[in-house]
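Annotated signal peptide per Swiss-Prot: 1-27, in sequence order, evidence recorded as sequence analysis. The heme c 3 binding site annotation in Swiss-Prot covers HIS87, CYS195, CYS198, HIS199 and rests on a large-scale study or a structure entry. Here Swiss-Prot flags CYS115, CYS118, LYS119 as heme c 1 binding site. The heme c 2 binding site annotation in Swiss-Prot covers CYS153, CYS156, HIS157, HIS290. Residues annotated as substrate binding site in Swiss-Prot: TYR202, HIS253. Feature annotation from Swiss-Prot assigns heme c 5 binding site to HIS264, CYS303, CYS306, HIS307. What Swiss-Prot lists as heme c 4 binding site is CYS271, CYS274, HIS275, HIS382.
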Amino acid sequence: MMKKMTGKTFALSALVAASFMAAGAMASDKTEPRNEVYKDKFKNQYNSWHDTAKSEELVDALEQDPNMVILWAGYAFAKDYKAPRGHMYAVTDVRNTLRTGAPKNAEDGPLPMACWSCKSPDVPRLIEEQGEDGYFKGKWAKGGPEVTNTIGCSDCHEKGSPKLRISRPYVDRALDAIGTPFSKASKQDKESMVCAQCHVEYYFEKKEDKKGFVKFPWDMGVTVDQMEVYYDGIEFSDWTHALSKTPMLKAQHPEYETWKMGIHGKNNVSCVDCHMPKVTSPEGKKFTDHKVGNPFDRFEETCATCHSQTKEFLVGVTNERKAKVKEMKLKAEEQLVKAHFEAAKAWELGATEAEMKPILTDIRHAQWRWDLAIASHGVAAHAPEEALRVLGTSVNKAADARVKLAQLLAKKGLTDPVAIPDISTKAKAQAVLGMDMEKMNAEKEAFKKDMLPKWDAEAKKREATYK
């Protein structure tokens, strides 16, 4: 167990690290964060990884579905939520999102340092230099000049080698917790475990000795029900909902967990099998394609290695599943949006905490289940049956909350339906919540103009000392 650093030991470790770098040594013995260092040694892999830049479209998910603004009221995701794109944009997008705010210095801003954790091989470098106590300490802006290389080689590979590795110690602890230590895993299993470093549900610890640390809620298992019991047991919440005052859970991107529930996971078809297939270079050399993307874009190298059906057939099946998942998603959202507004009205009419507690528990559980299903972006392919099951329980629990709310509101003298304001667009939904988006956007633009060039200049100066 790592001992907690005192202020003196933290300062000393920082001084040692700075001296080490000034001497012109590598920043880390285990991690080379600069992806371009490997462009000659692993030419095909590097070039295909670089092609993730072609996945450049930014899709505004809140504009597509304004319900989510209300569902995340009081949380950063109500400000800005874009659909994910290629690995090449990981650092760019976390810098640019309104969720990270507009910090003016290293101690400023709304989010913790942990928000860098899935974005860059600079993260394992920093953990190796400073320990987890040093890395997780402080605000997100502290990492601006340090975390500049986007998701790449050293996130998944040992330094200068194709050998796979877990580069973040909290992931090793999570895999141990579910009885699948990386050190004992097969190569096939490791090809999914390295993806599970980021494509998972996680939270930031609130315990004083681990405050801000990333942890996966897997102590009781990886199903939605098991994680829910875990979170309830430690009385954890990500935020308090601005309307209903519910202690909420925000699911992240649990692809690994939902993949395990589906037919591919149960048959141990790895992430790499479908998203990073073996291909042949123009020179006739076989290599793993690092342009992580949709398997249908490389059908012959992915799906066709197992399936006898045509591409058109399988695309059709997948689209049907997506449509069914979307239908259930919207049903859950309709119930949840109404539940939040009805709960707000109940508070307004004088409801007590004791009266509201069972209602808020239902809302918490319903939205957690909705969120876990929709935050797993590939769930319609990975585990459509599980997605529909989970969304079905979300609808039921939200309906339970609304039945209780109807009874409580009647007790308070209100028998008419609670009016739901116009939330038909992102802008209208944000206005209902009183969000000053013009101010937030202006502050973000000023941050990008003032702070980002400084961060990049500091990073360039630091990396110039590397051998």
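The chain as shown is numbered from 1 upward.
Note: Cβ is positioned from N, Cα and C throughout, glycine not excepted.
Locations of recorded Swiss-Prot features on the structure.
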residue : record                 : contacts (Cβ under 8 Å, 6+ apart)
CYS115  : heme c 1 binding site  : VAL94, THR100, TRP140
CYS118  : heme c 1 binding site  : ALA90, ILE151, GLN197, CYS198
CYS156  : heme c 2 binding site  : LEU164, ARG165, SER167, VAL194, GLN197
CYS195  : heme c 3 binding site  : GLU255, TYR256, CYS271, VAL272
HIS253  : substrate binding site : PRO84, CYS198, HIS199, VAL200, GLU201, ALA375, SER376, HIS377
CYS274  : heme c 4 binding site  : HIS264, PRO295, THR302, CYS303
CYS306  : heme c 5 binding site  : VAL269
HIS382  : heme c 4 binding site  : GLU255, THR258, TRP259, MET261, GLY262, HIS264, GLY265, SER376
Neighbours of HIS87 (heme c 3 binding site) among the binding-site residues LYS119, HIS157, TYR202, HIS275 (Cα to Cα, within 10 Å): LYS119
Of the binding-site residues listed as CYS153, TYR202, HIS290, HIS307, the one whose CA lies nearest the CA of LYS119 (heme c 1 binding site): CYS153
DSSP three-state assignment (helix, strand or coil) for CYS156 (heme c 2 binding site): helix
Nearest recorded site to HIS157 (heme c 2 binding site) by CA-CA distance, among binding-site residues TYR202, HIS275, HIS307: HIS275
Integer Cα-Cα distance in angstrom, HIS275 (heme c 4 binding site) to CYS153 (heme c 2 binding site): 16
Sorted by sequence, non-CYS153, CYS156, HIS157, HIS290 residues with Cβ within 8 Å of centre, heme c 2: GLN45, TRP49, GLY152, SER154, ASP155
Alpha-carbon spacing, HIS307 (heme c 5 binding site) to CYS153 (heme c 2 binding site), which is rounded to whole Å: 31
Alpha-carbon distance [CYS153 (heme c 2 binding site); TYR202 (substrate binding site)] in Å: 23
Other same-chain residues whose Cβ falls within 8 Å of the Cβ centroid of CYS271, CYS274, HIS275, HIS382, the recorded heme c 4 site, in sequence order: SER192, CYS195, GLU255, TRP259, HIS264, VAL269, SER270, VAL272, ASP273, PRO295, GLY378, ALA381
Distance in Å spanning the most remote Cα pair of HIS264, CYS303, CYS306, HIS307, given for heme c 5: 12
Binding-site residues listed as LYS119, HIS290, HIS307, least Cβ neighbours within 10 Å: HIS307
Other same-chain residues whose Cβ falls within 8 Å of the Cβ centroid of HIS87, CYS195, CYS198, HIS199, the recorded heme c 3 site, in sequence order: CYS118, ILE151, ALA196, GLN197, GLU255, VAL292
Neighbours of CYS115, CYS118, LYS119 excl. site residues, C-beta within 8 Å of centre, heme c 1: ALA90, VAL94, ALA114, TRP116, SER117, SER120, VAL123, CYS198
Entry from the binding-site residues list CYS153, CYS198, CYS271, CYS303 having the most other CB atoms no farther than 10 A: CYS153
Other same-chain residues whose Cβ falls within 8 Å of the Cβ centroid of HIS264, CYS303, CYS306, HIS307, the recorded heme c 5 site, in sequence order: VAL269, CYS274, PRO295, THR302, ALA304, THR305, LEU314
